[in-house]
Protein chains: 2
Amino acid sequence: MPNVLVLPGDGIGLEITPEAVKVLEAVLKDHPQSLKFEYGLIGGAAIDVVGKALPDATLEAAQAADAILLGSVGGPKWDTLPAPQRPELGGLLAIRKALGLFANIRPVKMLPMLVDASTLKTEVVKNVDLVVLRELTGGLYFGEKGRGTNPRSAFDNLIYTEEEIQRIVELGFQTAMKRRKKLCSVDKANVLESSRFWREITLEVAKNYPEVELTHMYVDNAAMQLVRWPEQFDVIVTENMFGDILTDLASMLMGSIGMISSASLNGSKGLYEPAHGSAPDIAGKNIANPLATILSGALMLRYSFGLEEEAQKIERAVEQVLQEGYRTADLAKPGDKVLGTREMGDAVVKALK
Amino acid sequence: MPNVLVLPGDGIGLEITPEAVKVLEAVLKDHPQSLKFEYGLIGGAAIDVVGKALPDATLEAAQAADAILLGSVGGPKWDTLPAPQRPELGGLLAIRKALGLFANIRPVKMLPMLVDASTLKTEVVKNVDLVVLRELTGGLYFGEKGRGTNPRSAFDNLIYTEEEIQRIVELGFQTAMKRRKKLCSVDKANVLESSRFWREITLEVAKNYPEVELTHMYVDNAAMQLVRWPEQFDVIVTENMFGDILTDLASMLMGSIGMISSASLNGSKGLYEPAHGSAPDIAGKNIANPLATILSGALMLRYSFGLEEEAQKIERAVEQVLQEGYRTADLAKPGDKVLGTREMGDAVVKALK
Ligand SMILES: [Mg+2]
Ligand SMILES: [Mg+2]
């Protein structure tokens, strides 16, 4: 039986992950494939208990697991620690790096009943259906960094190898082949050497995918185009830092990142988590929105276990609950039926039937 | 008499700069202060004639000038050149660096008659009035860059010195003091060492501006917040690459960058240019929108020559022309009176009266 390691993390992570597990268990009830759930510590919760954000036991369990479901990490309590020890860098970035999860996938698909929540005009966003693929273990965030004296200064290095670019771009083309066959590679090739290299490798990989329509876009233009005409995009592939900015920007087209799920992959091994953070201000109140984590569970079924039908069952159940007018507080408008975190999980389970 | 060096550059730059000069001459007619205009080559136009994007004569004239009015550079004709020789890197970035223009100022103010052009909902953008201050001569774009072998790789270095951060952040506080006294410093201090350094310096500089409300925001969140609630911002200050992305994103809140002006400063010495590019596809047709360049002329009067009243005269004239329903093709809706590039320049001159 495949193993899923659940890492609730901090803040609302503790409340939203149980709802996703609840939904995964419900959709696989009476199914020949079932999953075993194990639990571990990460982030601030791990710092408090074990003294480090990514305990050895957690890393070992993650390496042994077939998939990982993560809530969220971080909070003001740990913000005074040196950065490498903090929940984000020492926990989340460290586990991604240790597991070689080089590809972050973030689907952004507008649901008709949520289109009003967007700050963009309905006609601009109503048909948005795109995926941002972000390189996750290379580039500026992982390069050598440090301080200098005389003059006082600080530096970070951006470096990409051929292999790092190849594998994420390859996945970009594969993802495009399963969708509308359009790939937009985002770089800053007019200024950065690493971007020019990125573009060269992309053009090499493109030779194997003659059916995919490949375009290149500078990152500043891509940020504009996501606001100007987001429906032009099918699959976007880009490097780590550009992807960090563009995934969040693309998600905000939905009006909130409360609904955005994500997968971080290395082959079929994957870490699944909501795009939003640990929201310490609303933690422990049973008001957090668990849908992004529930949808991350659907991505897990799709990418790690090949259970496409069950993944779609979850996605349809979430749509149905929203269609019926149920919302968590973050998405609620006058007239909506507001549910708590647990109650929203229950509603999705009920809609699976 | 102060000298203004006009560098039309490429594409529509040749059509829009004469309109700005026309308006500047008109607003200063019968004024004790007058300006002398000289002309030079930059970008592709300079490559074609002199063999390099920033000719020595142009740089000397720029160094001698009190202000520079630039159109736009670049085009497909020069895209096959090695990057450092191209119009953007070899022309525009080179002149900014050579003149030490470390601060790029881009005002984004929604005009009531243009609010429909935005892809964002009217209630979200109707009161947008912000300024993005971007560091322009340091960071990743100017750091050491190169290729590696075994494995094949490419790198760019991001480095900031204390002085580089101090002077731009200082200008951020000064700009905020003249406006609504709110400064948002954008960084990625949860991951980058250069950003943590940026934040430290910002906190030091802040001690001299107790009246300014200072906030810090991560760049990915800033990109989201510009779409979610842009009216929250007064002055944004950030490093070069983040600024490259955020200035364009903020400008797109207006629905087009056709109206966005910018100033690049080193003290009172400034280079003024529209935010848009050289648009080779529409060049030579007398249909380009000259208003961003005309508004850049207003910024020149404000920042280089201290002529605040005349700057506002130009800004009011542009508003009046738009109010009367005149538009260039890029902004036109059914019912608008469409003007060509030259005719729009004439209309602004007329509205000055
Ligand atoms: Mg992000
Ligand atoms: Mg830009």
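If you go along the chain as it appears here, the first residue is 1 and each next one adds 1.
Including glycine, each Cβ sits where the backbone N, Cα and C put it.
What TrEMBL records for A:75-88, A:277-289 is NAD(+) binding site. The Cβ of A:ILE287 (NAD(+) binding site) has A:THR328, A:ALA329, A:GLY340, A:THR341 as same-chain neighbours under 8 Å, each 6 or more residues away in sequence.
Positions annotated as substrate binding site by TrEMBL: A:ARG96, A:ARG106, A:ARG134, A:ASP220. In three-state terms derived from DSSP, A:ARG96 (substrate binding site) belongs to a helical segment.
The Mg(2+) binding site annotation in TrEMBL covers A:ASP220, A:ASP244, A:ASP248. In this structure, A:ASP244 (Mg(2+) binding site) is part of a helix by DSSP.
Residues or ranges marked as domain 'Isopropylmalate dehydrogenase-like' by TrEMBL: A:3-348.
Neighbours of A:TYR141 (site 'Important for catalysis'), defined as other CB atoms within 10 A of its CB across all chains, total 22. Following the DSSP three-state reduction, the secondary structure of A:TYR141 (site 'Important for catalysis') is helix. Annotated site 'Important for catalysis' per TrEMBL: A:TYR141 (among others), in sequence order.
Residues or ranges marked as site 'Important for catalysis' by TrEMBL: A:LYS188 (among others). Of all the Cβ atoms in the protein chains shown, 26 others lie within 10 Å of the Cβ of A:LYS188 (site 'Important for catalysis').
With a threshold of 8 Å between Cβ atoms, the binding-site residues A:ARG96, A:ARG134, A:ASP248 that neighbour chain B are A:ASP248.
Listed in sequence order, A:ASP10, A:GLY11, A:GLY44, A:PRO87, A:SER278, A:PRO280, A:ALA283 are the same-chain residues six or more apart from A:GLY75 (NAD(+) binding site) with CB atoms under 8 A from its CB. With respect to A:TYR141 (site 'Important for catalysis'), the closest of these binding-site residues in Cα terms is A:ASP244, chosen from A:ASP79, A:ALA83, A:ASP244, A:ASP248. Taking A:ARG96, A:LYS188, A:ASP244, A:ALA279 as the candidate recorded positions, the subset whose CB lies under 6 angstroms from any atom of ligand 1 consists of A:ASP244.
Under the three-state DSSP scheme, A:ARG106 (substrate binding site) falls in the strand class.
If you take the C-beta of A:ASP220 (substrate binding site) and look for same-chain residues 6 or more apart in sequence within under 8 angstroms, you find A:LYS188.
In the three-state DSSP scheme, A:ASP220 (substrate binding site) is classed as helix.
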